[in-house]
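Lifted from TrEMBL, the feature list:
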type	residues	note
BINDING	His185, Asn186, Ala187, Val188, His189, Asp226, Asp335, Gln386	AMP binding site
BINDING	His189, His225, Asp226, Asp335	Zn(2+) 1 binding site
BINDING	Asp226	Zn(2+) 2 binding site
COMPBIAS	425-435	compositional bias 'Low complexity'
COMPBIAS	441-450	compositional bias 'Basic and acidic residues'
COMPBIAS	452-461	compositional bias 'Polar residues'
DOMAIN	109-431	domain 'PDEase'
REGION	425-461	region 'Disordered'
SIGNAL	1-20	signal peptide
Amino acid sequence: FYGTLLYCTMILCIFHTRRGAISYDSSDQTALYIRMLGDVRVRSQVGFEPERRGSHPYLGVDFRTLHSRAESAGSIPARRIRRLFSFQRHLLSSRLLRGAPHLNPLHILDEDYCGQAKCMLEKVGSWNFDIFLFDRLTNGNSLVFLTFNLLNQYGLIELFQLDMVKLRRFLVLVQEDYHNQNPYHNAVHAADVTQAMHCYLREPKLAQSLTSFDILLGLLAAATHDLDHPGVNQPFLIKTNHYLAALYRNTSVLENHHWRSAVGLLRETELFSNLPAEDRLVSPKQLGSLILATDISRQNEYLSRFRTHLDENDLCLGNASHRHFVLQMALKCADICNPCRPWELSKQWSEKVTEEFFHQGDIEKKHKLEISPLCDSEANTIASVQIGFMTYVVEPLFAEWARFSDTRLSQTMLGHLGLNKASWSAMEPEASGSSEEGESEPGRATEEPSSRVLSQGSQES
């Protein structure tokens, strides 16, 4: 017990002293320690400097107030203690750490959760997987447990000699660097995207072609694709002169930050220390390429390229670059697949993402900024936002994915998409009539999404 207490205390100290996710400029490899939800400091060669001056006055507002809910002063530390004690109890008692032989070294669910949660993991490949229920059963640790389970299920831990302690530390740090006060962009969303990615990796065309290294990068990219997301979109960061926008020159600002943050944690934990030298060298760039593909502002670029490959039937999955491109498309689908889930799951995600939009709109009103498209709660409804997003972003992408992978899963997703859109249309009579125009060929007719919907997609991704 005292060993457990000491270890948990050490972990809590790590979380208390860490300054948040890590981002860096690839041109000079300078590490920038970034905490999106608190005081921002840039670590340079001469020490810690204050955040850049000249920013919009909004930056003086604590990011933590964006999506905060009423909680007692001690609730967050208490919640972390509960999570870590539950998680670390098995870690410290495992025979692996004592160096003794063991029958099941990769079992990570302790006695409190090895019932229903373990049963759910046996069906982790189901498209009806309820990530909200799984998160409750794992006491808020869905991302850690699900990602670990998948890495084990694919045999990647043993194949790449991933150190168990480093891997668990990496996953816990990833989960903690998501801001769970965000209604949408939080660790549960990351777990949901990772589960969807697993479903796509099991599709026949991919399962027969992807290498183990492809699968490793695909799962880790899914788990980290929104790491340290502040709960506001790129246009908001640009118009408030946030220093991340300047750092990444107003281009894929959030996606670049998610990528650099993920690489920072990989380096901090030395998770890839046992990988072959060549894989270790290319992994940061390839991980970045996958995460950057989730930038919805480049949706037409990726969709046009995907459509051209399918029209010319020249995708060769024996080619490494083609496999990587398909992985990019799979992650793009996983990132915005909520409208393709069963209604009872899809509706919850729709409500959460719209709540986040409207929170941003309220902040913009408060600080007399131009209200971003679809973020004005007085001019938009959940139904209108979702109908536009489904019509101009989701339908074209999943229509092409179904052309590439014409399977039962693809047809199931398109079926749910149609039913969910009809359900939202029934709640929004005026949108119902207009949305029916030109729906006969959604993959072709909606090639140019409106800027309003792309802006919404940019935040949702």
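Using the three backbone atoms N, Cα and C, a Cβ is placed for every residue, glycine included.
Taking the binding-site residues Asn186, Gln386 in turn, the residue surrounded by the fewest other Cβ atoms inside 10 Å of its Cβ turns out to be Asn186. Cα separation, Asp335 (AMP binding site) to His225 (Zn(2+) 1 binding site), rounded: 9 Å.
Its Cβ placed at the centre, His225 (Zn(2+) 1 binding site) has 28 other Cβ atoms within 10 Å. A 10 Å cutoff on Cβ-Cβ distances gives His185 (AMP binding site) a total of 28 other Cβ atoms nearby, all chains included. Around Ala187 (AMP binding site), the same-chain residues six or more apart in sequence whose CB sits under 8 Å from its CB are Gly140, Ser142, Leu143, Val174, Gln175, Tyr178, Asn180, listed in sequence order. His225 (Zn(2+) 1 binding site) is 12 Å away from Val188 (AMP binding site) when you measure Cα to Cα.
Cβ neighbour count for Val188 (AMP binding site) (all protein chains, 10 Å cutoff from its Cβ): 23.
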